[in-house]
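Pulled from Swiss-Prot:
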REGION    2-150  region 'Important for homodimerization and interaction with FBXO7'
MOD_RES   A2  N-acetylalanine
MOD_RES   S152  phosphoserine
MOD_RES   R204  omega-N-methylarginine
MOD_RES   R218  asymmetric dimethylarginine
REGION    220-270  region 'Disordered'
MOD_RES   R230  omega-N-methylarginine
MOD_RES   S251  phosphoserine
COMPBIAS  254-264  compositional bias 'Pro residues'
Amino acid sequence: MAGLEVLFASAAPAITCAQDALVCFLHWEVVTHGYYGLGAGDQPGPNDKKSELLPVEWNSNKDLYVLRYESKDGSRKLLVKAVTVENSMIINVLEHGSQQVSDLTLNLNDYIDSEHLVDFHRVYKNSEELRSRIVSGIITPIHEQWEKANLSPHREFPPATAREVDPLRIHPQHPHTSRQPTWCDPLGPFAVGGEDLDPFGCRRGGMIVDPLRSGFPRALIDPSSGLPNRLPPGAVPPGARFDPFGPIGTSPSGPNPDHLPPPGYDDMYL
């Protein structure tokens, strides 16, 4: 573990608890994987500088350690947070580029001897296991996700036009184009019987007349039919779907003469 003893010697005067010793080990492991320490805290400060040593005030808060790192080639930045919870330490690492997060929980009593904090040769227990857990739980997941993000191809899509993205656009029912369709207009009002005149042409109206599209004026339906009085103007809006109150064609003025029986219809001798 070349370099860890030198790092511990430089930080030994500030190490006063088990979590300090564990963060020192964690810092060394991150540095050996190609990173420089930048500083302490979430945000960059005026005293930030790339260094393999622990930054100033790295352990000012014994319950929450926040350290920032940058790879030697400047392509990756890490934000490391270590939270002390009773006899455990929860380590959380965020890689800014890929937003990949990894975390690891360590038991302080399993790896740190609190009785020998100033003795480098006795302070760390199971150091190989500790190193393996840091690498597999934090370093490797961060690097794998970062490499995967760089290898995946970036798909580029052409910019969408206003016609494509307008959700309120109503498609025309009969768009007028310069090129006319090869079929005839089925809505032509005078197409009745056209197929009989030109059997080899396109299909047109047959012998069944559509009363709504016959081309002749239609009688208006009186909405007041069946009522003693007429409805006031505007009671039925133009074009509204409306069922008359009574039979169509009746008039409140009285029956039509055609509706009366002929004179003497009941005289058998007439």
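Every residue gets a Cβ built from N, Cα and C, even glycine.
Within the region 'Important for homodimerization and interaction with FBXO7' (2-150), the DSSP-based counts of helix, strand and coil residues read 61 helix, 42 strand, 46 coil. For R230 (omega-N-methylarginine), other Cβ atoms within 10 Å of its Cβ number 12.
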